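For reference, Swiss-Prot has these:
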- SER22, ARG23, SER24, THR69, ASN93, ASP108, TYR224: shikimate binding site (BINDING)
- LYS73: active site, proton acceptor (ACT_SITE)
- GLY133, ALA134, GLY135, GLY136, SER137, LEU222, GLY245: NADP(+) binding site (BINDING)
Amino acid sequence: MTQPTSQAHIAACLIGWPAAHSRSPLIHHYWLRKLGIEGGYSIESVPPEGFAEFVLHLKTHGYSGANVTIPHKERALQLTVPDQRACAVGAANTLYYDGSVLRSTNTDVEGFISNLDASAPGWDRTPHAVVLGAGGSSRAVVFGLLERGIQRIALANRSIERARALADLFGERVVPIAWTDAPAALPGAGLLVNTTSLGMKGQPSLDLDLEPLPADATVADLVYVPLETELLSEARARGLRTADGLGMLLHQAVRGFELWFGARPEVTSELRALVEADLVAHA
């Protein structure tokens, strides 16, 4: 881990409505302890009508930066100076000060790509990918894949109009397809990504036969409750490499911590075990 340059007390927070069940405090306090940084990370439940006042006076509330979650991500983009990633994704989840300027970024992109790099090195050798879903998470995934150099992304969604709208946003390398056409897009695809809630606890399963995927393909699922979805279980049974949603959750937290506390932390097996235990305890 990169060591901090200062020991001054720094505080960050998670702003949401509601935000009480986030694992972010557990993750950031683990890193603060490991790096010996005098700092804190707390949760602030802020309703939509109070969000602008809270963010514009973040320092007055005692914070040097913040994570932003539902339902504030789009509004955060408007109240800050966003970077290219936040603009492309259409949402900001991390706020930080650059002098007196409050800037924002979207670390879901880095979290997704870093998790793939850690879980399946060399995954980006494929020119083709299939992405399931066209919601907010899909925008971060598609942007990250295009930024990494993937040449063609088949984007499947139950609403083909929504898939087309996202494809129009990102250009000709993103091809919208009907949900029922997803199986036909799997042959030759070196990466399959599920960005939908299908397979999540309490949701219907993702009914997709992985047999057409190449033997060296990678399967990623953004769902992390349960830790191993049926999609990932089937992929592993076929000998395919996988990247789970918990890994993305951990990796997306790295950049925010670095921006606020001045040290780049590491995603370790110890941290993962800690968060896994918390997920099981609150299942």
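Going from the start of the chain as shown, residues are counted 1 onward.
Cβ atoms here come from the backbone N, Cα and C positions, even for glycine.
Distribution of Swiss-Prot features across the structure.
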{"residue": "SER22", "record": "shikimate binding site", "Cβ within 10 Å": "15"}
{"residue": "ARG23", "record": "shikimate binding site", "Cβ within 10 Å": "18"}
{"residue": "SER24", "record": "shikimate binding site", "Cβ within 10 Å": "22"}
{"residue": "ASN93", "record": "shikimate binding site", "Cβ within 10 Å": "28"}
{"residue": "ASP108", "record": "shikimate binding site", "Cβ within 10 Å": "27"}
{"residue": "ALA134", "record": "NADP(+) binding site", "Cβ within 10 Å": "26"}
{"residue": "SER137", "record": "NADP(+) binding site", "Cβ within 10 Å": "22"}
{"residue": "LEU222", "record": "NADP(+) binding site", "Cβ within 10 Å": "29"}
{"residue": "TYR224", "record": "shikimate binding site", "Cβ within 10 Å": "21"}
{"residue": "GLY245", "record": "NADP(+) binding site", "Cβ within 10 Å": "24"}
Spatial neighbours, same chain, of GLY135 (NADP(+) binding site) - Cβ under 8 Å, 6+ residues apart: THR195, THR196
ALA134, GLY136, SER137, GLY245 screened against TYR224 (shikimate binding site), Cα within 10 Å - retained binding-site residues: GLY245
Distance check against LYS73 (active site, proton acceptor) for the binding-site residues SER22, SER24, ASN93, ALA134, GLY245, keeping those with Cα within 10 Å: ASN93
Cα proximity to SER137 (NADP(+) binding site), best match among binding-site residues ARG23, SER24, THR69, ASN93, ASP108: ASP108
Cα distance (Å, whole number) from SER24 (shikimate binding site) to LEU222 (NADP(+) binding site): 16
Using Cα positions only, nearest of the binding-site residues to SER22 (shikimate binding site) (GLY133, ALA134, GLY136, GLY245): GLY245
List of residues, in chain order, with Cβ under 8 A from that of GLY136 (NADP(+) binding site) and at least 6 apart: LYS73, VAL89, GLY90, ALA91
GLY245 (NADP(+) binding site) and THR69 (shikimate binding site), Cα-Cα, nearest whole angstrom: 16
C-beta crowding around GLY133 (NADP(+) binding site), within 10 angstroms: 25
ALA134 (NADP(+) binding site) versus binding-site residues ARG23, SER24, ASN93, ASP108 - nearest by Cα: ASP108
